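For A:7-29, A:49-79, A:91-113, A:140-158, A:186-210, A:240-258, A:264-282, the entry in TrEMBL reads transmembrane segment.
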Amino acid sequence: MSDLLQFLVSGVTVGAVYALVALGFTIIYNASDVVNFAQGEFVMLGGMISVAGVAAGLPLPLAALIAIALTAAIGVALNTFAIEPARGAPVVSLIIITIGASIFIRGVTQIVLDKGTHRLPSFSGDDPIHVLGATVLPQSLWVVAGAVAIFVALWLFFTRTLTGRAVLATSNNRLAAQLVGINTRFVMTLSFALSAAIGALAGVLITPILPTSFEIGISLALKGFAAAMLGGMGNPKGALAGGLLLGLMEALTAGYISSHYKDAVAFFVILAVLFAFPRGLYGSNPVERV
Amino acid sequence: MKRIVTGAFALALVATAAATPALAEIKIGAVVSETGPASSLGDPEAKTIRMMVEELNAKGGIKGEKAKLVLYDDGGDPSKAKTFATRLVEDDGVVAMVGGTTTGTSLAILAVAEESKVPFISLAGAIEIIDPVKPFTFKTPHTDRMACQKIFDDMKARGLTKIGLISGTDGFGASMRAQCIAVAKTSGIEIVADETYGPKDADMTPQLTNIRNKSGIQAVLNTGFGQGPATITRNYAQLGITLPLYQSHGVASNAFIELSGAKNAEGVRLPGTALLVGELLDPKDPQKNVVLAYKANFEKAAGGAPVSTFGGYAHDAMRILTEALNKAPSAKPAAIRDAIEGTTGLVGTTGTYNYSKTDHLGLDLSAFRMLEISNGGWKLVK
C-alpha cells in the first residue's frame, strides 16, 4: 500500500513537471499554430538566471522575478527578430525557426552563464513529509500547486478575458481577426511574452527538484511536447492531464513492471491514445467550413 | 572587388610567411568537447591543455624547440571529432594528439590515429579504447571496470555482499553497469536488484522503493554521471534508506555534494582520484606535490574555477606526452609511440603511470582512493 502511494507521489511530481512545460506550449500554439520548440529553453533560462541571481547574492523571490522578466523579454525578442520577419512562411518553417532559436539560446547560455549543473534551494526546506508510509518533498507540493495555478490562470485567460479570446481568434483566422479590429501583431508579442514567462516560472519551481544546466531544455521540451500531444495541443486542460498521465505511467511502470521499460511503455501508450484520438484526449475536432 | 580581395589575401599570405621564424616547431594536436553536452568535462581539459603548453614553452619548450598547440572543439560530436582529427594529421601536421573527451569522440579519433599512425592519448573512460591494445592509442583515465573492482573490494571489507544496482541509461551509466555485472561474478558480490533511470529524470523513488524491498539487501551502488546520481542521493535520503550508498567515480567532484545537499550525501562512498583530496594526502604520498601544484596552477589560470578530475586527465596526458617528446630520439610518430610505451613511474594526478607494449592504460587499482563524504567535504577511507 505504501509502495503504491510512493509510486503515485513520484508520478504526480514528475507529471507536474511535464505539465508545467506542456502548459507553456499552449499560448503560442493557440495564437499561431506554431509548436515552439524553444519552450524547453525558456524553462532552462528561468532556472539558470535565477541560479545566477541567487549566486550574486539576491534573495530567491527577487532572482526569480528577474529571471521571469528577462525570459519574457527574450521570448518577445524571439518573436520580433525571428518569427515576425518570417510571417508569411508556412507553419513548418516557423517550427524549424524555433528549433534554430533553441540551439542559439543554448549556445549563448553556456557562454554568458556557465556550463555547470546547478540547483536552487527548496522553497520550504528538504525535510520529507510522511504520509501513510510514503514520503513527499515539500518542493513537490510547490510544483503541483504551480501547475494547477498556471492551469487555472490560463483557463480563465482563454475563456473569460477579451485578450484571451483575441488570441484564439488570431489563431483561427488571422485576416478575419484583423478585420474585426484585433491587433494581431500585439497578440503574437503577448503570446510569446506569456509563454516565456510561464516557462521561466516552471523553471524556477522545478530547479530545486531537477537540477538545471544549459542543455536541460531539450529533454524537458520533448517530454512536455509528448504530454501536450497526449492531452491535446492548445488546451490547458489537456496539458495538465497529459503531463500527469505521462508522469504516472512512467512511475507505475518503473514500480510494477521494470524501470528498463519506463519510457517505452509511456510512449507506447501515447501512440495508442493518438491512434484512437488523433488530436489528443482533449483536442478540439477540426471543423472545416466550405 | 574580387581582384582586390584576392590581392589582399595574397599579400597577407606573403606577410605571414615572412613573419614565421625559421625555427622548427613541434605541433601538438588536441580535439576536446569544449562546448556541447560534455562541456563540463571538455572545458577544464581545454583550459589545462592550453595552460600546460604555455608552461612548457615558458620553460624553454622541447629540446629547445617551441611547442605549438592546435586545439579544436568538437562540441561532443564524434563525426566532428573525426573530421578535426583528420585535419590535425593531414593539414596541420601534428606529431601527436591528445583529447577525445567522451568515449564516442575518443573512438572516432583513435580510428584516424591508428590509420595514419600518429600517437593519441585519450581522455575518456571506456575500456574499449585500449582493450585490445592498439599500437598508437593510449589513455589516462581509469576504466569503469577498475571502479567496480575498487567499490566491490570496499564492500567486501565491510562485509556487504548482497547489493542493489541502479544505473543511468546514458553511455557512462550503461557501460559501467555492464562492467560491474561482469566483475561481480568473480568478486563474490551478488546483485539482487538491477534498476535503471533516464539521466535527466526528476524522481527515482519508484526504483529505490523496489530496491529497498529486496530481502537481504545490504548496500546500493549507483553507476551514473551528471545530475542523476545527485537526484538518487536526495531521493535516498527522502525515503529514509539507511543502507550504505556507493556512487561512481563519474561524480567525484564538489559539485556532486552541492547538488545532493551535504546532509543527504553524508556517508556516501565513491572511488576518486588523489586530486580531489590533495590536502588530505599523507605528506609522504608521491602524488601529493603533483596534485597540489596542478590545483594551484589550474585555479590561477582558470580564474578561480575549481579543479576537476577531467582536467587532471588532460594534465596527465600532457605530462606523459611532454616526457615522451623529450626522450624520443626523433619526432617520428613511431619513435614518440615507443617513448610513451617506455613511460615508467610517472606520477600524475590520476595515479602513477607505467605503460608497456601490452598495457596502454598504465594504472592499477592503487590509483583509486576510496572516499567518503563527511560534513560536506571528503574523507579518505583507510
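Note that Cβ sites are derived from N, Cα and C of the backbone, with glycine treated the same way.
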Do the transmembrane segment (A:7-29) and the transmembrane segment (A:264-282) share at least 3 Cβ pairs under 8 Å, sequence separation 6 or more? no
Count the CB pairs under 8 A between the transmembrane segment (A:49-79) and each of A:91-113, A:186-210, A:264-282, then give me the winner. A:186-210
Please work out which recorded stretch in A:91-113, A:140-158, A:240-258, A:264-282 has the most C-beta pairs separated by under 8 angstroms from the transmembrane segment (A:186-210)? A:140-158
Same-chain Cβ contacts of the transmembrane segment (A:240-258) under 8 Å, 6 or more residues past its ends? 3-4, 6-8, 10-23, 147-148, 151, 223-224, 226-232, 265-266, 269-270, 280-282
